[in-house]
Every structure is written in structure tokens, then in C-alpha cells.
Amino acid sequence: MENISRQNVELTPFRNDFWKEFFDRHDRNKDGQIRIKDFIAGLKNEGHNVPPYILRGFEENFRMADENNDQIITYDEFMNMIKGKQGSRYKIILHKYIQHTVGTRRRYGGGDDMLDGPYEDEYSCSPPKLCMAVFSLLELASFLYDWIYYGGRITDVSLAQILVYDPKRRIEAWRYVSYMFVHMGSAHLLVNLLVQILLGVPLEMVHGNFRVLCIYIAGVLAGSLGTSISDPTVYLAGASGGVYALMTAHIASIIMNWTEMRFALYQLFIFGCLIVVDVGTALYGRYSGDDASSRIGYVAHFAGALTGLLFGINVLRNLRVKSWENKVWWVSLVTFVILMLSAIIFNIAYPSYFPTQNV
């Protein structure tokens, strides 16, 4: 199979004569047809080590264009594919192939455009990704309100007193979620805001606002439920449960989109290190600190992380579903539902386990 020349890289958008030349180049028998099997085999054998996701992209597009399912693409079927709805996706795959065989191409604005995977192609800012930004602003506003009017102290009328998870006021059910708006100091707030923006917004750009919001809130709720059972006398403040859910949601996304993502192993390693370091810091502070701020429950971190991993597999988009991923999806769903329902039922059914309520 002939290599596509460097000159062809600049044909953006591709002209009709380019598509005719491309089709004729791969029409081995010169009979106006491309056999899908031969086309894919030719890509594999041309010596460029074409990535599997590019080969799958070509094959999937060709099979969708094969109107009579005879495993052969005619020129009319080929052009219908190019001009139809799937044309844009085919052009993306072709660009990836060209970039891989020729090298990086120059953008019109200058600079190299490095080869991405299908996952990176899904990044979008439309509609605007505002979920994490809105929650960050609400958390910041809550902190500033108490800081301005009460000097950051928790009083009977401060927002923190109303929102914090108080084990002696468990009957006020909103506290199981509202504690995320309370932070024990500016450093605590800053770290959470920074992490949830840096991790949450990229997730929103691929998976959408609603999916990320579900994971974030589920992580917050799991954090309070887990803490209430493991450490029933501990107060809880901060959005760490939600933040950790975002961290491990990234891991869930990497696992389910492993072959569609560039540098998946490196990303997995980085997120793993972040979690280990932060959990270690939280454990150290929980058991070595003397002040109340350092003795806030750490189980919220673990519960949020577990939620992000399990629920993330269920909620986040999987670009190409494989058979084993369906099994993982169901195992994750059943495990998540059992854990959450068990924690909720325990909180309701065994009031004697918890501190006496002051409400």
C-alpha cells in the first residue's frame, strides 16, 4: 500500500479529487471496489505500526458505509459516507492515520498538533462546562460569608453551624450533603477548589455536566455516610468526598477507555500517586493532630474515592464498549448500590449506635 505523502496532510478540508485519488489508491483490483478485509490488512502490513484504535476506526466506518453488507465498499458508498453524518468521524480517523505515518502536521496558526486518541477528540466546551465552577463559587461564598461576619468561627448563627455534618444533629438530613460548603480554614478550601476545578472541568468537557455532578454529589453523600458509621462522633466538613470521587472517576474513565486514550498508563500512575499522598496526609493529620481542625474524619476521602471508581464506571461515557466492560459495569453497579443502601439503612435502623441527638 502506498504511503500518503506529506503534501496530502495539508488538504484540509479534503477536496473531492483527494477522495477519488484515495479510493483509487486502495482499489487493488481497479474494479471500483475496496474490500474491507484487504484494506485493513494493507494498513497493518505497510510497516507503520498503525495503532489499534485507528484500525478499528477505519473498519467501523467502512462497515457502516457498506450498505448491502457484502464486505465491499463501492465508490458511491464511499462518497456517501464522506458526505454523510459519519463523514466527520472518518476524516478525524484519516487525519490520525496521516499524522501517525507522516509525523506531526502544522496548524495554520503555527505549532505542532500532536497525535491524540479518540478520547481526546471528545473534549468540548459547548455547552459551557459550569457545574464545577458554580459549586466552587458557592463553597467560596459560604466560606467568605462566615469569615467576614463571624471571623471564621462556628457560631450558633453561622452558615457553618447550619451546614456542617454534626453527629449530634444527624436527624437534619441535609447535613449529609451540605457539609461540603464548610471548610476548616483557607488552605482546606483552596486545595479542594483547585483540585475540583483542575479535575472536574476536564471530566465535564468529555462526559457533560450532569454525569460529573452525579458523581460529585454521590461522593459527598458517601463520605458522610461512611464517616457516620466508621467514626460516629466525628464532625465532617469540606468537599473532600466529592473531590476524591472526581479523582477516581478519572481512573474509572481511564480503565473503561484505555485503548481510546493517549498515555493511559501515565495518567493512571499520576492519579494513583495523588490519591496515595493525600490519603496518607489525611491519616497522619487525623491521628497525630491536636487541634479540632486536624481531627476531621478521613473516611470521607476513602468513601468518596470508592464512589468515584464504582459509580464512575456506571455514569461516565464509554466510547467503545467491550464484552468484559459490560461485566465490570454490572459488578460496579451492584456493589455501589449495596454499599450505599447498607449505609443508609444502618443510619436509620440503629440510632443507638450514634451520639444522642441535640435537636
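Every residue gets a Cβ built from N, Cα and C, even glycine.
What TrEMBL says about a protein is an automatic prediction, not a curated fact.
What TrEMBL records for this protein:
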DOMAIN    14-49  domain 'EF-hand'
DOMAIN    53-88  domain 'EF-hand'
TRANSMEM  176-198  transmembrane segment
TRANSMEM  210-229  transmembrane segment
TRANSMEM  235-256  transmembrane segment
ACT_SITE  SER240  active site, nucleophile
TRANSMEM  263-284  transmembrane segment
TRANSMEM  296-316  transmembrane segment
ACT_SITE  HIS301  active site
TRANSMEM  328-350  transmembrane segment
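Across 176-198, 235-256, 296-316, 328-350, the stretch most heavily in contact with the transmembrane segment (210-229), judged by Cβ pairs under 8 Å, is 296-316. SER240 (active site, nucleophile): 30 other CB atoms within 10 A of its CB, across all protein chains.
Here the Cβ of the residue listed as 'active site' has 26 other Cβ atoms within 10 Å, regardless of which shown protein chain they belong to. Counting only same-chain residues 6+ beyond the ends of the transmembrane segment (235-256), those with a CB under 8 A from a CB of the stretch are 119, 135, 139, 160, 164-167, 179-184, 188-189, 192, 195-196, 199-200, 203, 206-207, 212, 215-224, 227, 264, 267-268, 271-272, 274-275, 278, 282, 292, 296-297, 300-313, 315-318, 325, 328. The separation of the residue listed as 'active site' from SER240 (active site, nucleophile), Cα to Cα, is 6 Å. Summarising model confidence by region, the domain 'EF-hand' (53-88) averages a pLDDT of 80. Residues 184, 203, 207, 211, 214-215, 218-220, 222-227, 230-231, 234-238, 240-253, 255-256, 275, 278-279, 282-283, 285-286, 328-329, 332-333, 335-336, 339 of the same chain lie 6 or more positions beyond the ends of the transmembrane segment (296-316) yet place their CB under 8 Å from a CB of it. DSSP labels the residues of the domain 'EF-hand' (14-49) in these numbers: 21 helix, 3 strand, 12 coil.
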